[in-house]
Amino acid sequence: MKEMVSSSTFRAPGGLGFLGPSKIGLIPLRNRSGVRSRVKYIAPKCAVSSARPASQPRFIQHKKEAFWFYRFLSIVYDHVINPGHWTEDMRDDALEPAELYHHGLKVVDVGGGTGFTTLGIVKHVDNENVTLLDQSPHQLEKARQKVALNGVNIIEGDAEDLPYPTDTFDRYVSAGSIEYWPDPQRGIREAYRVLKLGGVACLIGPVHPTFWLSRFFADMWMLFPKEEEYIEWFQKAGFQDVKIKRIGPKWYRGVRRHGLIMGCSVTGVKRSSGDSPLQLGPKAEDVEKPVNPFTFIFRFVMGTICASYYVLVPIYMWMKDQIVPKDQPI
């Protein structure tokens, strides 16, 4: 399933989503084999219902509280989350727009966690030219245990405040991280800042579901942006040639209905050197403020319940895929 949206023809709508066909934001559809045959164009459709504003953090969008969530998630991430939401085929497909065509490219993988996405990057780029950054020491410890990542620079850091000078990297990659950011616009602005002139940012993340129950759990749990939100954030940060590529397991025929932790790959090009033209105020989140233990326990339990729903959804979709004819939606 490969579908692309280009900002050259895309204009973010002012309403709640795409309500019908339009000449704006046309997507070329290809067949399942990925071979371009008779091309058909549609307008991208997102949930008509209003999503919870990105400025209102979900249960797992608080860095200090998420620290403990990551600690336990790191134990099962590669074995439980990835098989249903982030397979090797999906990873390689999603990284294709990043144009990792030369082994000498300097690449940063922001929010790289256990290093699953980094494993896809080092297929094309020399390990010593790759940096893996994440805020969770427990996730990074799992990455350090992967022999294939020997030589990769693995460091702890904040996606919204990258510890690098302006114009440092040729490629910026971030997969499965934006949904945890308290301020996604700030993180994408940082992506622009640390890239060199002509650099490409490739951000892989979830999509907002349309089914009411999935939408409820998504908005409670973490950030599931709409496609037009991704494009707006990239363009505001200064990126040009912004494109969206829809991704998902072949058996998961409900990416837009139920959402997916890895549902699209968004790319943009930095056409001017220097800092982003977007100026933002100070961070809204105070990570030094002590966490109320009762609030933390409530949020942690509720966040875990929401996460469990999205662990079960891929299993449900796989079972339906085995039953429902391939030419019918599920």
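Backbone N, Cα and C define each Cβ position, glycine as well.
The region 'SAM motif I' annotation in Swiss-Prot covers 107-116, and the record cites sequence analysis as its basis. What Swiss-Prot lists as region 'SAM motif II' is 152-165, and the listing cites sequence analysis. The feature region 'SAM motif III' is assigned by Swiss-Prot to 193-206, with sequence analysis given as support. Residues or ranges marked as topological domain 'Chloroplast intermembrane' in Swiss-Prot (evidence: sequence analysis): 46-295. If you look up Swiss-Prot, you'll see 317-330 marked as topological domain 'Stromal'. Under the heading transit peptide, Swiss-Prot lists 1-45, citing sequence analysis as support. Annotation source Swiss-Prot lists transmembrane segment at 296-316.
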PLDDT averaged over the residues of the topological domain 'Stromal' (317-330):
73
Helix, strand, coil residue numbers for the region 'SAM motif III' (193-206) per DSSP?
2 helix, 12 strand, 0 coil
